[in-house]
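What follows is a short report on a single structure.
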Amino acid sequence: MTEHTSPYDTTALTKPATRLRIPQLKQMKVEGRKWAMLTAYDMYSAVIFEDAGIPVLLVGDSASNNVFGNDSTLAVTVDELLPLVRAVTRSTRRALVIADLPFGSYQVSPEQCLQTAVRFMKEAGAHAVKIEGGVELLPHIAKLSVSGIPVMAHIGFTPQMEHQLGGYRVQGRGEDGQRLIDSAKALEAAGAFALLIEMVPGDVGAAITQAVAIPTVGIGAGNQCDAQVLVWQDMAGLRQGRLPRFVKQYADLRSVLQTAARDFADDVQAGTFPGPEHTF
Ligand code: KIV
């Protein structure tokens, strides 16, 4: 009798459902255990990263560039991000999945922020959300927090404000560093469960990490943060062109995929694929 196997990898569905929880992240800071976070926007990347031991996945608004082909994060919408978050939560069993709230979907008011966050929790199964900004977001963070929605605040360089900030620039240099440390403390007091710190001098990343009891996740913020995050296509070498200084490329997937695609095309042109073993 022929054995019928699923064409899809369903291993994730059989894993024990022990999701990482926010208190565990806080405990890891207490114990000085660092952790890694990656972006993920689909089932395969999410399952691969979870299996590799990445405890936290971010469905970033960087999907705007890395999935939808826009030239900034500003264009992506809630309706575009929701299915990506759903794919990541549905296909993982252990990772904590954070949904990025896109530009314009939370800045208007704490109420708008809550409504958008609720959509990501209800319709996509997100476990937490992330929003970009400093003290102007204290009421938004307090609103989410009392409503039971864990929120990560993104400070330092905030890509959704690239036009106001004059492009991709390091933030918190000189005296501005203290402003960032003060906002980090205020965001913690308002209820943020973690801080993502982007593109600040290493000593500012370290000072913020010292100043707060919640975990800090750095991207271009030095190695003293409690965790580090990278966009997965940068980390794995899918992206073409000049990479930001904070990126370390751990693989060259672009070449691997190009070679595979070329080999496939060559085989088809030569008539060597499909072979007898692929033919019914
Ligand atoms: O959307 C994103 O990918 C981010 C990065 C800074 C990790 O927020």
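Each Cβ is built from the backbone N, Cα and C atoms, and glycine gets one as well.
Keep in mind that TrEMBL annotations are predicted by a computer and have not been checked by a curator.
Remember, predicted model here, so these are calculated numbers, not experimental data.
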Record-annotated Mg(2+) site (TrEMBL): member among Asp42, Asp79, Asp100, Asp176 besides Asp61, Glu132: Asp100
Distance from Asp100 (Mg(2+) binding site) back to Lys130 (3-methyl-2-oxobutanoate binding site), taken between C-alpha atoms, in Å: 5
Sparsest-packed among the binding-site residues, when each Cβ's other Cβ atoms within 10 Å are tallied, from Asp61, Glu132: Glu132
Least surrounded among the recorded positions, given as Asp100, Glu198, when other CB atoms within 10 Å are counted: Glu198
Cα-Cα distance linking Asp100 (Mg(2+) binding site) and Glu198 (active site, proton acceptor), given in Å to the nearest integer: 15
Additional residues surrounding Mg(2+), by Cβ distance to the Asp61, Asp100, Glu132 centre under 8 Å: Gly60, Ser62, Thr73, Leu101, Pro102, Phe103, Lys130, Ile131, His154, Pro159, Gln160
